[in-house]
Amino acid sequence: MKILILGVTGFIGGTVLAEVMDSTEPELSGAAVTVLLRRQSPESDTARETILRNHYTTNSGSIASFDVAFFSGLEATDELEIIARGFDIIINTAEACDNLPAAEAIIRGLEARSAASTETTSPAVPVLIHCSGTGVIMDTALGEPDAHDTEIYSDADSLKIAALPPTNVHRDVDLCVAAANNKNIKTVTVVPPLVYGLGRGLFKRHSVQIPGFVTRCLALTPHRVEYIGRGLSKWSNVHVRDIAHAFVVVLCRVVRELTALDGGYYFAEAGENTWKDVAEGVARAVGKVVGQEVGCVSLTDEEVRERFPGVLRRHYDSSNSRSRAVKIRELGWKPVFSWKTPLLDDLEREVLYQIDLAKSLAA
């Protein structure tokens, strides 16, 4: 069984790779894993390949072999299609949410592999495990709550999900992936919410949304954490280790029992937070690190437009995006981390990281 993973230099993808390589699940016994990297420069390519091979060539999990391959990038769709033909399972976390041509190329490659196959293998047909995000269900609340709990999306409610507008964030790619789920190939879309925690990847170990609060706080004098509106809108959340394990659960199930999965969304959440919760957590962490009290401030409408000139970025830090992971729990996925237990430690590490990063850039 040949598995290709894209996006391993990223936050989620790097942690997915670590969890796959560490897995001792019998379904992965004897599997060959290849990671696909975008070519940069000869020096960078050699350095990244060396780091990956040194870390993963010898592992204690079920995976039998590890390899590194390079390509011109997601925009090189003809090349990507040819590469995709060589694999039984592809896990795509590389800018996967919004790159429609790349998703189409991968699907064409897997369909070509299926058409040419005469072997009886496991899985029975090629599989694409696609990474999306719950930005697809976020609203434009700007800090206001979902007062009547009307905007909670369960992955078991296929009718409500089917009604999502095709213009929503990520939705065009998600629809393409779902439409490709047929007798010739299998597609599954894993949909992370707000992801926190320190990643296990060898390159990017930090997320985007929460570190953004830290960066903005440290840039202000005196330090303060700003949030939008009343900060009462909610996002579901999950630790990066738990979302990575969700990919492993899906991977093992498509090998063991392909028909157990449909081609739709698989949410993976472990709780919820308001954006004011995030702001207060960041304030405590920054205050502890710098040794002074740090407060939280609600931004005025004018300040919101100034701080967040991009409408999409503004909504990511102030919307409701509430999901319920029913289907993946039925597959046996159980999140290990809870929001409050590791968050303060994670935030303190993030503050120290951002301070060190600022010093290195200023040197």
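Each residue, glycine too, has its Cβ placed from N, Cα and C.
The domain 'NAD-dependent epimerase/dehydratase' annotation in TrEMBL covers 175-253. Look at TrEMBL and you will find 1-18 tagged as signal peptide.
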Exercise. What is the three-state DSSP composition of the domain 'NAD-dependent epimerase/dehydratase' (175-253), stated as helix, strand and coil residue counts?
Worked result: 30 helix, 20 strand, 29 coil
Problem set entry | Overall pLDDT for the domain 'NAD-dependent epimerase/dehydratase' (175-253), taken as the rounded mean | 95
